[in-house]
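Chemist: Found this in TrEMBL, in case it helps:
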- G46, Q47, T48, G49, C50, G51, K52, S53: ATP binding site (BINDING)
- 1-343: domain 'Kinesin motor' (DOMAIN)
- 198-233: region 'Disordered' (REGION)
Amino acid sequence: QLTWGLGKQYCLVYGPAESQQAVFGDVCPLLTSLLDGYNVCIMAYGQTGCGKSYTMLGPQSTGEPVPPWEPHSDLGVLPRAAGELFRLISENPSRSLKVDVSIVEVYNNDIFDLLAKDGRTAASGPKREALIAQEAKQEVCLLTREPVHSAAEFTALAAGSLQLRAELATSVHANSSRSHLIITATLTTAPACGSPGKWPCAPGPAEQQANGPRPEGSRRSASGGRAWPGALGAQRPAEQVHAKLQLVDLAGSECVGVSGVTGSALRETSFINRSLAALADVLGALAERRGHVPYRNSKLTHFLQDVLGGDAKLLVILCVSPCRKHVAETLRCLGFGARARQVQRGQARGGSPAPRKPR
Ligand SMILES: Nc1ncnc2c1ncn2[C@@H]1O[C@H](COP(=O)(O)OP(=O)(O)OP(=O)(O)O)[C@@H](O)[C@H]1O
């Protein structure tokens with residue numbers, strides 16, 4: 001694995017024997033930045049079967065029950081980040097930070113809300129496309145948001161949603177993800193509703209009007225009222241978005257000749273490769289500081305527009321195969337990382353973790 005940190009622009013390299021704990025050791029300072037108010041995105045990119053889901057989610061990336069927390073276990077970035085997030089929140093309870101989680105997959109260039117519930121039974125229903133609404137002439141993606149109160153709740157929610165994620169056995173990987181998975185934790189601060197300490201507040205009539213009707217079955221909660229790319233719901237003015245953490249497990253880039261897919265799987269591969277190419281195009285446009293950045297060429301880049309083009313802290317984890325036969329894909333992956341590294345971000349808004357020396 002190689003990690004490219006945008007903004008600070010540094011690169012760390014991990015060998016095959018490196019532990020998940022060691023990888024997270026270098027990711028962890030970003031959680032402090034999150035609590036400091038930065039938006040943070042951690043994204044895994046690479047060839048199919050190279051360990052993206054393993055790195056991001058751990059061995060339970062196939063939706064198996066989450067093992068108990070142990071620092072030396074194989075837990076991935078997500079459960080570790082969740083643990084660190086709630087540890088940091090508990091250190092300063094006076095800030096009254098609240099965490100809501102939304103989980104989507106981008107499959108065949110459509111966005112699916114993996115937390116959408118069946119309206120009547122409130123149970124996980126069949127996978128449902130995210131609802132799009134028009135708000136102030138902008139498209140807003142209305143997603144289900146689940147409040148979580150502990151790392152265990154956060155991790156269990158993610159593990160449950162993985163069972164809905166599109167997978168397929170290919171000749172390269174038996175559990176190949178066919179979609180991009182985006183897990184977003186939104187941190188909000190307590191609303192200013194006249195009586196300090198009352199949390200949560202019931203929305204007032206004006207606020208309800210501003211929000212409009214909720215999508216059926218949705219438990220949409222507070223949000224910053226963002227436009228489509230980072231857009232995670234309609235605005236509730238009383239609540240302030242403090243920062244947003246996005247964990248992105250991209251579908252793997254794939255050479256059709258090697259993976260041997262046909263039919264609908266071939267169509268999926270084509271969508272995956274096109275969206276990854278669109279992501280590379282966006283990074284290329286940002287790196288060259290072009291006037292037009294083609295975010296709208298794919299739902300993936302449109303959804304991630306906030307973190308790609310904004311002043312969020314973006315960390316790209318490249319997963320590459322050590323096998324000689326995959327050298328072409330490996331070089332492509334490194335090319336993506338090099339492009340990401342050329343993107344100049346805005347000036348940091350505050351203190352940021354010092355980069356460690358490459359190993
Ligand atoms: N560092 C590692 N240690 C042990 N096993 C690993 C490691 N990385 C990956 N694996 C194993 O390799 C297999 C493929 O990994 P994974 O599912 O994470 O690949 P992927 O890059 O997400 O693939 P795809 O893009 O096709 O979904 C899995 O069985 C996983 O458990």
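Residue numbering: from 1, along the chain as shown.
Even glycines carry a Cβ here, placed using N, Cα and C.
Just so you know, TrEMBL annotations never went through curation; they're auto-generated.
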Chemist: May I ask you to report the DSSP-based helix, strand or coil state of S53 (ATP binding site)?
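Modeler: Reduced to three states, the DSSP call for S53 (ATP binding site) is helix.
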Chemist: Give the helix, strand or coil assignment DSSP yields for Q47 (ATP binding site).
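Modeler: DSSP assigns Q47 (ATP binding site) to strand.
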Chemist: Using a 10 angstroms cut-off on Cβ to Cβ distances, just flag whichever of G46, G49, G51 is the loneliest among these binding-site residues.
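Modeler: Output over binding-site residues G46, G49, G51: least Cβ neighbours within 10 Å is G51.
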Chemist: Near C50 (ATP binding site), which residues of its own chain have a C-beta under 8 A away, given they sit six or more steps off in sequence?
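Modeler: Correct list: G252, C319, V320, S321.
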Chemist: CB neighbours of Q47 (ATP binding site) within 10 A?
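Modeler: Its Cβ shell of radius 10 Å holds 25 other Cβ atoms.
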Chemist: How many other Cβ atoms are found within 10 Å of the Cβ atom of S53 (ATP binding site), counting all protein chains shown?
Modeler: 28
Chemist: Taking all residues of the domain 'Kinesin motor' (1-343) together, what is their mean pLDDT?
Modeler: 78
Chemist: Who sits close to K52 (ATP binding site): which same-chain residues at least 6 apart have their Cβ under 8 Å from its Cβ?
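Modeler: The list for K52 (ATP binding site) reads A44, Y45, G46, S177, D249, L250, G252, I317, C319, given in order along the sequence.
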Chemist: Starting from the Cβ of T48 (ATP binding site), draw a 10 Å sphere and report how many other Cβ atoms land inside it.
Modeler: 24
